[in-house]
Amino acid sequence: MNPQANLIFIISLLLGTTITISSNHWIMAWTGLEINTLAILPLISKSHHPRAIEAATKYFLTQAAASALVLFSSMTNAWYTGQWDITQLTHPTSSLILTSAIAMKLGLVPFHFWFPEVLQGSPLTTGLLLSTMMKLPPITLLYMTSPSLNPTLLTTLAILSTALGGWMGLNQTQIRKILAFSSISHLGWMTIIIIYNPKLTLINFYLYTMMTATIFLTLNTIKVLKLSTLMTSWTKIPSLNAMLLLTLLSLAGLPPLTGFLPKWLIIQELTKQDMAPAATLISLLSLLSLFFYLRLAYCTTITLPPHTTNHMKQWRTNKPTSITIAILTIMSVMLLPISPMILTIV
């Protein structure tokens with residue numbers, strides 16, 4: 001793609017996100033969401049492969065439907081209460097429509113079907129944007145309207161998302177699809193706590209963004225898209241693969257690593273809110289996700305390539321790993337000891 005065009009699309013993405021997260025009026029928030037959608041479409045379809053075009057079409061249709069629901073919800077609220085302010089969403093019907101619209105934007109169950117397909121049809125760098133930056137505006141809207149949303153509905157969506165995100169990721173061989181189901185599962189954790197402690201949702205989102213960015217950039221460096229090629233990629237940059245193993249375990253939420261922090265805080269908060277059964281259930285369902293993270297980790301570092309006649313060993317590259325990946329990896333693995341400081345900052 002033309003570098004100038006690429007720059008325009010990236011600036012538009014930043015602009016759309018900024019407009020949405022800084023707006024008070026529903027129309028401005030909707031405008032930001034639309035700018036975001038239009039800016040990401042060329043980045044999804046830039047390879048001109050039929051699968052990329054299909055992914056862009058699916059993304060456009062679902063996001064257009066969700067944006068229409070956001071407008072419908074805000075207009076219904078304005079009709080009954082005379083308020084266009086985002087924080088003044090008080091009408092129950094409007095809250096219900098908005099919850100389904102944001103679930104569609106984020107890819108929460110039962111509106112999750114588009115997300116794995118779109119991620120599979122996109123390049124890794126665009127996949128990174130779809131999994132992280134494109135989730136920020138809807139999560140901001142959810143954060144601002146959280147006091148007036150239905151707790152039972154959000155808890156149900158969250159538990160279903162964690163269950164299906166783990167369950168459907170078990171049998172996948174494409175890494176982008178595995179990361180899509182991982183994203184759905186993490187969104188379940190963010191959604192369950194947003195009514196009780198919205199700051200925890202933001203902490204979870206920031207840490208998830210950091211770990212996912214590390215994984216996508218690492219995969220982009222070693223040029224891997226499938227589990228079968230991941231098995232033979234350890235000869236390219238062995239040290240990077242070793243750090244990828246730790247980042248995957250961190251994303252799974254294993255205790256000494258950064259990813260354990262949000263899960264621990266969310267379980268603690270749910271228990272304080274007398275929701276111990278929900279906390280137990282969501283913790284058990286996250287074991288499904290742990291299985292496919294361990295599978296990825298196993299393929300990354302522990303498996304030796306199969307010694308068949310048609311196997312070709314990868315050349316070790318002398319290309320230096322970018323400083324961005326190095327910093328992100330260290331943060332993705334080592335932030336747990338300074339968790340009190342993180343909690344005071346947020």
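Yeah, the Cβs are placed from backbone N, Cα and C, and that goes for glycine too.
Remember, it's a predicted structure, so these values are computed and weren't measured experimentally.
If you look up TrEMBL, you'll see 5-21 (among others) marked as transmembrane segment.
What TrEMBL lists as domain 'NADH:quinone oxidoreductase/Mrp antiporter transmembrane' is 23-288.
Within the chain, the transmembrane segment (56-75) has long-range Cβ neighbours (under 8 A, six or more residues past its boundaries) at 26-27, 29-30, 33-34, 37, 40-41, 44-45, 84, 89, 94-95, 97-98, 100-102, 104-105, 111, 114, 117-118, 121, 130, 141. Under the heading transmembrane segment, TrEMBL lists 56-75 (among others).
Residues or ranges marked as transmembrane segment by TrEMBL: 95-115 (among others).
Annotation comment: TrEMBL describes 152-171 (among others) as transmembrane segment. If you look at the transmembrane segment (152-171), the same-chain residues 6 or more away from its ends with a CB under 8 A from one of its CBs are 96, 99, 103, 108-110, 112, 116, 177-178, 181-192, 194-195, 275, 278, 281-282, 285-289, 291-292.
Positions annotated as transmembrane segment by TrEMBL: 178-196 (among others).
According to TrEMBL, the feature transmembrane segment maps to 202-222 (among others). Below 8 angstroms of C-beta separation, residues 124-125, 127-128, 131-133, 135-136, 139, 143, 175, 179, 182-183, 186, 189-190, 193, 233, 236-237, 240-241, 243-244, 247-248, 250-251, 258-259, 261-262, 265-266, 319, 321-322, 324-325, 328-329, 331-332, 335, 342-343, 346 of the same chain, each at least six residues beyond the ends of the transmembrane segment (202-222), sit close to that stretch.
Long-range contacts of the transmembrane segment (242-261) within the same chain: residues 182, 203, 207-208, 210-212, 214-215, 218-219, 286, 289-290, 293-294, 296-297, 300-301, 329, 331-336, 339, 342, each at least 6 residues beyond the stretch ends and with a Cβ under 8 Å from a Cβ of the stretch. Under the heading transmembrane segment, TrEMBL lists 242-261 (among others).
Among the features that TrEMBL reports, transmembrane segment is placed at 281-304 (among others).
Positions annotated as domain 'NADH dehydrogenase subunit 2 C-terminal' by TrEMBL: 290-343.
Sequence-remote contacts of a segment are chain residues at least 6 beyond its ends whose Cβ falls under 8 Å from one of its Cβ atoms, and for the transmembrane segment (325-345) they are 203, 207, 210-211, 213-214, 217-218, 221, 240, 243, 246-247, 250-251, 255-261, 265. Look at TrEMBL and you will find 325-345 (among others) tagged as transmembrane segment.
Tertiary neighbourhood of the transmembrane segment (95-115): same-chain residues 33, 58-59, 61-63, 65-67, 69-70, 72-74, 76, 89, 130, 135, 137-139, 141-142, 145, 148-150, 153-154, 157-158, 160-161, 163-165, 180, 183-184, 187-188, 191, selected by CB-CB distance under 8 Å and a gap of 6+ residues from either end. Beyond the transmembrane segment (281-304), the same-chain residues lying 6 or more positions past its ends with a Cβ under 8 Å from any Cβ of the stretch are 158-159, 162-163, 165-167, 169-170, 172, 175, 178, 181-182, 185, 188-189, 192, 227, 230-231, 233-234, 241-242, 244-245, 248-249, 251-254, 263, 266-267, 270. The average per-residue pLDDT of the prediction over the domain 'NADH dehydrogenase subunit 2 C-terminal' (290-343) is 80, rounded to a whole number.
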